[in-house]
Amino acid sequence: MGSNNSRSRRMVDEESRHQSGSEDESDQELDYAAILQSLINSGSVHIITSHYDDEDQYYGPPLPKIKHKPNTEDLKASEFAQLTKQASGLGLSKRKMPQNSIGAMLLNRERGMCTYSSFSYANKCKIANRYLPNKMTVLDRYAGKAFCGIYSKDGEYFITASQDRQIRLYKSGDNSYKCTNSFFARDVGWSIIDVAFSPDREHFVYSTWSSSLHQCSVLGDSDHQEPLCLVNTGRRFCVFSVIFSSDGKEILGGANDGYIYVYDRLSNRRSLRIRAHEYDVNSVAFADDTSHIIYSGGDDGLIKVWDRRTLTEANPKPVGVLAGHRDGITFIDSRGDGRHLISNSKDQSIKLWDVRVFSAQSAAENTLRAVHDQTWDYRWQEVPKKLYSSKNKLEGDTSIMTYKGHVVIKTLVRCRFSPVDTTGQRYIYTGCGVGRVVIYDALTGKIKGELSGHNACVRDVAWHPYKNEIMSSSWDSIVGRWRYVGKEISPFVRRESEDLSLNKETTHQPQSLRRSLRIALKRQREDPDSRTSPSNTD
């Protein structure tokens, strides 16, 4: 018993020295149990009981009361706001769009009363943004937690990675989403952590707790997998975030050792390894299709901007640093314009950044100090109230906007910009630790949609690039498919309305007819099997 306690204390000490912000392999059953038991004995953590009702609705842990009034002062004055308004149809003049209703838009176009003969991208986005996804159907259920789910660039394929060690490929060109291929991942410790498509969608690469990435052919089979070695080490190593360059020649990864890795696919070797952050590199991204500018987000709470053309292992220096978060970064997503990006953080916020405005060294030090002062472990503890109650920006914070209302716990929850072709990137959407998909209006900071349908943490979200639907990958082992479903008028009410219109043409008793319809509807509510016509009810 004494040896077990000593072992537990040693493991807790190791965790304290390096508080992982990631999908740590220590969550495996034996290590996790020892760590958790030691924390419980010490009083550092208590168990939160999760339970479900008959309909498997999520009840625990409870969603904290997040009081956040968005401050849009900097956002309104930014280029981001102007570009987003134009792309999403909000920048259209009233002369071109005399009425906001979709019916009026269609009617005026057909009458030739508009300056356009067909809807522009901005007009189409304006229409699509009125019908955001709101209803979930189950795409698939797995034997383990669903960790990743992304689309290929053209939206023809959707790929998922699960803790059951399987990677599944779906053909998303039609509405069936048929699973066309599956692969058993190799060297899986805790789980498959990330997956990425090549630009030509002929290959994909995935990462696990392994010294190598693994590359597969989309049309190949599970037996043909090419290991891409990044390090020669026996210690625990994992790439938490992986992505292809736009030309497909390189693969960029961020790892738990604080380094950024670049793998050259042409020479089949690692071409670059630089120390980027003090702790884990949880997310990496390219700024745009040139693949020259790299973003990295670390567990030290900092976002760093790198220029691939001047980057060397001997003297790695970032172009600039973005500081303002109070805890580790879990994910970053580029807008694709080379100027704007968003970051999700364990401080329970998403921040919007303009990379042309870097943070001062003092701001970076403030962030490092704030992260160092955090004592909670987001993988199994509740979120400290001070993170929700904080109203003031960290001194030196250069972010344009802060979005709050979702929960970041248990895993590296991901956030993304909505698609440019269907929404004009009007929205920012994210997974949530309490089983939701949260959609923010990027221009107001307010929550536009809270999509509840999962029973556990939603780790990844993906919006189809050309269709108005969202995929959510959750730890309840479900991949959900969200689409817009409007309110339908029941056939009875529709039929009664048609009868009423007909009777108005053949009789001259509108008051009586209105009364008849009211009575008929009342009787229908009382007796659903009744099908009495309004003309015979009085």
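Cβ atoms are placed via backbone N, Cα and C, with glycine included.
Here's what TrEMBL has on this protein:
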COMPBIAS  10-21  compositional bias 'Basic and acidic residues'
REGION    1-28  region 'Disordered'
REPEAT    274-307  repeat 'WD'
REPEAT    322-356  repeat 'WD'
REPEAT    451-482  repeat 'WD'
For a three-state summary based on DSSP, what are the helix, strand and coil counts in the repeat 'WD' (451-482)?
0 helix, 19 strand, 13 coil
State the non-local partners of the repeat 'WD' (322-356) in its own chain: residues 6+ outside its ends, Cβ under 8 Å from one of its Cβ atoms.
21, 66, 75, 78-80, 83, 241, 279-280, 282-290, 293, 295-305, 363-364, 366-367, 370-371, 374, 378, 383, 387-388, 390, 393-394, 396-404, 406-408, 412-417, 420, 425, 428, 430, 440, 442
Residue distribution over DSSP helix, strand and coil in the repeat 'WD' (322-356):
0 helix, 19 strand, 16 coil
